[in-house]
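K.L.:
Right, I'll just put the structure down here and ask away after.
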């Protein structure tokens, strides 16, 4: 036990506030980050070391050494040095440019400014100069400088709000709270400067959701957990200022610990070229051996006849001559080893990269973002992708919730139909005009005019529906100017529902711990808030109890339909049947649904319940279980109002893109930090998960043994050490959460996880950390030997992007971290289809054709010298002089056409006739001949006769052995089928996605008033009111190969 305690103490971090000398003694890392590979001194040696790992480069250095030996060299040394230096210089320049860009990005981050408390004063310091133990001040909308222990803030009870999009992809705000002891420091610089608390905590690690440590101050020790820690990469929101103590800096921060290392990525073509070069080495040695044996035989049989005029050196004989001839032919036949291959390949890749950069179909007009090939070495690998690992939030979705449909008192609203009852596309219908409501959100869009008419007519059921949406939530309002409202919601779902109520005349205006103020159809109304029965993952519902201005007590409840239905009064049975049909329809369209109900309460009944609620809320044992029991007592005999449907908007073209990629036999895995049910809903929305699937496996166990049993029970195929694609009967899906994934990624369960996943058509991993994302990618890379691609848009995706063979960054709402770490970047997920199926395929085909020609050219040129050896007594003489090689390359290949026309027109020009009249009697013969029709007829007939055999051969092959492209062209003759008009989505049994995905809210904080300002100061909006990404230019059209073939 003593040994264990010593190990823990030696690994822990110990620091003291405002004491740099003490903290520097531990040699902790400062706050500077470094993503570049080289510096001024290491660039040349390291880069050359990397380049000489290429076999061809190392071979030519060896060849250069041979050429410096006079006895075996028949070529000058500069014939090898010049091309070698050219190859090395081009690669050096390219790598230097890439690393300079990385240095600039590092400097941009390291030179950001932050206020640091030094010697009792706040001074502006660069991020890179911040040390562990420093106290820093952050202001609203600033990035968190390092991993900080929150000391105090401008908010009541030392609360702050942070956005963690860079870490987990979620844009809804999180709440952190400082210890009361440190919160009393406030913004008093003298007190903060005198603060000398000591922190002992865990060493640097990559666990984003855990922190263990203690703070010792004035002889007292306080526990520290993750709720007190601000992580680098977060952004301070809606908080005027806060102070924090630096715990981890730079490379020790959890963000950088999750970033992963930069890996030198090489394509399968690179590996193939190395294998080919190895075979070429062997073939070269084989040819040199044959020629040296021939030299030995020739010297032994015929060599004595030439001694008179070609005397031998002392001690020379046939064996020595053969030995020297072997190395001489290594030099002469060096053209078979392609030194220029790598440079030529890089030039070809550069051209392919420009095609990606210039592609207008991958240009996003709204954000003015073109596609960008940030790496030029991976283009052809795009055509070989087998697995795609995608983030969800911001990559597949826009993270924008919209109120689309609702069912109120048995009537469905939101769908527009014509007089014949046919569904009409909403884009063809004029939007609802909300100008009658001065507090309406101008960005809100709705197309069903009937709902507004019913609201204006005073329907009690409809008004009760929107009154419930305006009261039953934990949203915080902000009103910067009169009538300009912004909502700070715990989740985008709640924001969408409250915004819908706002536009339909029930405006949530403000709240205090005891009241909620609305504007109902233009009339200000204040409700007394008596209780908030908050959401959690078990209850799957939320309720509020309010008293109206007339004194009427009402409980409003919203939640999953299955949960609400169990608590309805029997009188709602008929309405429940109709509402269920509507819910099925909404869920079939991929919408997130909620059921809404209410109950009028008796005053005496409520007072008795309130007493029992107070006892349960103050209980020290099983408080949550007791509260749930109390909630159950009052949440019964509810009256159903209806249901709401919210759309978590996918990016344009996501379902079509996934469908096309699936047809190309590319498997897509979604790795997200979001909740399981939310991820499942998106899986259904983008057609990854389908009702037609035979089964969807859910792995959500809490122990290693349970996870093992669940994986074994799902394992349908044979068990072997080699994970191969196994054919199974039917389609399956797999959903696994992060807790279970942590056990499944252990060495003894990895293969079982991979086998199960590979037999499934779709795989969704939810609640995963950035490191787990990288581990999943690495697992597939290691055991499947398949080319992988990772795509994401936030800093939480960087590790996955770096691990995959190819990383793609989406330049979206979550910063540029993913783009800076990626190999390719663009603005929308749908462009991935064109990147892989067009640019990837074309790049691969171009590369293959180029390599075939290149090796053909090299072997043809080398065999000339090999064959010439049999005619020169195997004496290692050159069949073609090196000057001749240059002439062929420069003159015949590059200038033959220009030289031909220049000489022809010069020889038959007027000037030549005037100089040499007798020698050139025909003036302008070339020009005159081209004016004769019979000359052009001859050229035409000759061309036809030359290409006719090729055309005939091609025609026969189309008929006898047609390719896929030939079949597609032939299919164009088939008339296209008549398009169906607005087909309805099939009915789904999945409902209540919002309720199942919602987390425990801030109901306790709302009712306690701990985080409400009195008076309320204005804060920036959580969700900026910008144009929706859907308002884009003409969307890209996606067609299947068959459909495209049928189009005229």
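Cβ coordinates come from backbone N, Cα and C, glycine included.
Unlike curated records, TrEMBL annotations are generated automatically.
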K.L.:
Checking feature assignment: transmembrane segment per TrEMBL, candidates 240-265, 318-343, 344-369, 396-421. Which range matches?
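P.N.:
In TrEMBL, the transmembrane segment feature sits at 318-343.
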K.L.:
According to TrEMBL, transmembrane segment applies to one of these ranges: 854-876, 969-991, 992-1014. Which one is it?
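P.N.:
Comparing 854-876, 969-991, 992-1014 with TrEMBL, transmembrane segment matches 854-876.
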K.L.:
Which stretch does TrEMBL mark as transmembrane segment, out of 882-903, 904-925?
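P.N.:
Result: 882-903 is the stretch TrEMBL calls transmembrane segment.
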K.L.:
Which residue range, 275-298, 443-466, 467-490, 563-586, is the one TrEMBL calls transmembrane segment?
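P.N.:
Comparing 275-298, 443-466, 467-490, 563-586 with TrEMBL, transmembrane segment matches 275-298.
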K.L.:
Looking at the ranges 18-36, 37-55, 56-74, 75-93, which is given as transmembrane segment in TrEMBL?
P.N.:
75-93
K.L.:
So are the transmembrane segment (854-876) and the transmembrane segment (935-952) touching or not, going by 3+ C-beta pairs under 8 A with a sequence gap of 6 or more?
P.N.:
no
K.L.:
Around the C-beta of residue 535 (ATP binding site), how many further C-beta atoms are within 10 angstroms, looking at every protein chain?
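P.N.:
Around residue 535 (ATP binding site), other Cβ atoms within 10 Å: 25.
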K.L.:
If you count the C-beta atoms lying within 10 Å of each candidate's C-beta, which of the binding-site residues 592, 767 ends up with the smallest number?
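P.N.:
Ranked by other Cβ atoms within 10 Å, the binding-site residues 592, 767 bottom out at 767.
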K.L.:
Please report the number of other Cβ atoms within 10 Å of the Cβ of residue 797 (Mg(2+) binding site).
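P.N.:
Result for residue 797 (Mg(2+) binding site): 33 other Cβ atoms within 10 Å.
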K.L.:
Return the member of 535, 592, 673, 767, 796 nearest to residue 393 (Mg(2+) binding site) in space, with distance defined Cα to Cα and candidates limited to these binding-site residues.
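P.N.:
Of the binding-site residues 535, 592, 673, 767, 796, 673 has its Cα closest to that of residue 393 (Mg(2+) binding site).
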K.L.:
For the ATP binding site, please report the maximum Cα-Cα distance among 391, 392, 393, 494, 535, 558, 592, 672, 673, 674, 767, 773, 796, 797 in Å.
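P.N.:
Roughly 34 Å, rounded to the nearest whole number.
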K.L.:
Have a look at the binding-site residues 535, 592, 767, 793 and say which one has the shortest Cα distance to residue 391 (active site, 4-aspartylphosphate intermediate).
P.N.:
793
K.L.:
So if I draw a 10 Å sphere around the Cβ of residue 673 (ATP binding site), how many other Cβ atoms end up inside it?
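P.N.:
Around residue 673 (ATP binding site), other Cβ atoms within 10 Å: 27.
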K.L.:
Given the binding-site residues 393, 796, which one's Cβ is surrounded by the fewest other Cβ atoms within 10 Å?
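P.N.:
Relative to the other binding-site residues in 393, 796, 393 has the fewest Cβ atoms within 10 Å.
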K.L.:
I'd like the Cβ neighbour count for residue 793 (Mg(2+) binding site), meaning other Cβ atoms within 10 Å of its Cβ, all protein chains included.
P.N.:
30
